[in-house]
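Visitor: Pulled these from Swiss-Prot:
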type     : residues                  : note
DOMAIN   : 13-148                    : domain 'Obg'
DOMAIN   : 149-344                   : domain 'OBG-type G'
BINDING  : 155-162, 202-206, 278-281 : GTP binding site
REGION   : 362-383                   : region 'Disordered'
COMPBIAS : 369-383                   : compositional bias 'Basic residues'
Amino acid sequence: MVWCCRPLLRKYGNFIDNLRIYVKGGAGGMGLPRLGGQGGKGGDVKLVAKKEVTLKKIKDKFPHKRFIGGVGGNSSVRALKGQPGEVCQVEVPSGIVITTEHGVKIGELDKEGDEIRVARGGQGGVFQTDFLPSKGQKRIIHLDLKLISDVGLVGFPNAGKSSLLSRISHAKPQVAEYAFTTVKPELGRIMYPDYKQISVADLPGLIEGAHYNRGMGHKFLKHIERTRQLLFVVDVAGFQLSASTLYRSAFETVLLLTLELQLYKQELLDKPALLAVNKMDLPNANEKFEELLKQLENPAGNFHLLPDELVPERPIEFKHIIPVSAATGQGLENLIGCIRKTMDEQADMEIRELAQERLQSLQKETSRTVKRNLKNSPQRTHH
């Protein structure tokens, strides 16, 4: 069954997925030596994940990108213990990875309500410090957003990902006949006749060695982590980044893309995946597509086409392999239908797994309750 879709236009022209900010905890308050009074602690700086917050909104609202905790209150005759400084809470989107200026990971905020302290307030003045307060912690941190979408497009540059996205969703990514057209994530949304919506993300193209952070490297791969399934897009005629790089066939391209995902994070290979073989309007495309299908039926038998170090530990098993042409529209309705089918299957599986987890949890709780009741029940004595 082929699903037709009514595209929904949604623009993300000024989308940003990383932000550099300055954070500083508030200084502590002065102690009171003659009465032994303690100064108040300086306010911390915390990040809190909230819905409908974007990095762009933060940048627009706080152009100086400086966040400072409140100063702790001084000790006084009326209040020997100074008031703590006000905590500076910065609302950020969920799916944020926080790192230091030197790339050291501080933590992640994956869901709404998660929070993390990124700068500690200074201690108030006490006897041990001659009643002198300490300054708050200060540093520059980076906020990196891992984009959430249902489907993430995976491919080398110029495979036609942007053209494909524009045809199935009416998003408006930049499209041209040269590599690295996409330098920022583009989001499109497919709307089906029953009003089901599926979001699709076109992400910057990979190159060999992306897991080492070459090219767009980690800027691309971090977003793949938060997609529910993968849509590989390969050129049926193969791929060559430049005259100085090796030509790769469509099959070799699939293996290399798999390897990049594996080396970045093995779990990415467990995501449901589809394969769109693009540019089927080219000469001899059908013969090349049939050759690719045969190679994918027995991937291990064709590993010799690549050096051992470029062969993934295990090939991805695609749910569907769809020949398409973003230029002519060939196969696009079939692709849209396959995306919907796999998303529905995945949703059904997740519901079953959740129900099974709840059942097991209920059984364990019931078992504990029975044991507790037996233990607490009065023992009968037999005469």
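Backbone N, Cα and C atoms are what each Cβ position is placed from, and that goes for glycine too.
Keep in mind that what you see is a predicted model, and the values were worked out from it rather than measured.
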Visitor: Do you know the DSSP helix, strand and coil residue counts for the domain 'Obg' (13-148)?
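Guide: Breakdown, helix to coil: 13 helix, 47 strand, 76 coil.
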Visitor: Which number gives the other C-beta atoms within 10 angstroms of the C-beta of Asn158 (GTP binding site), all protein chains shown included?
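Guide: 21, counting other Cβ atoms within 10 Å of Asn158 (GTP binding site).
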Visitor: Kindly state the mean pLDDT of the domain 'Obg' (13-148) in the predicted structure.
Guide: 93
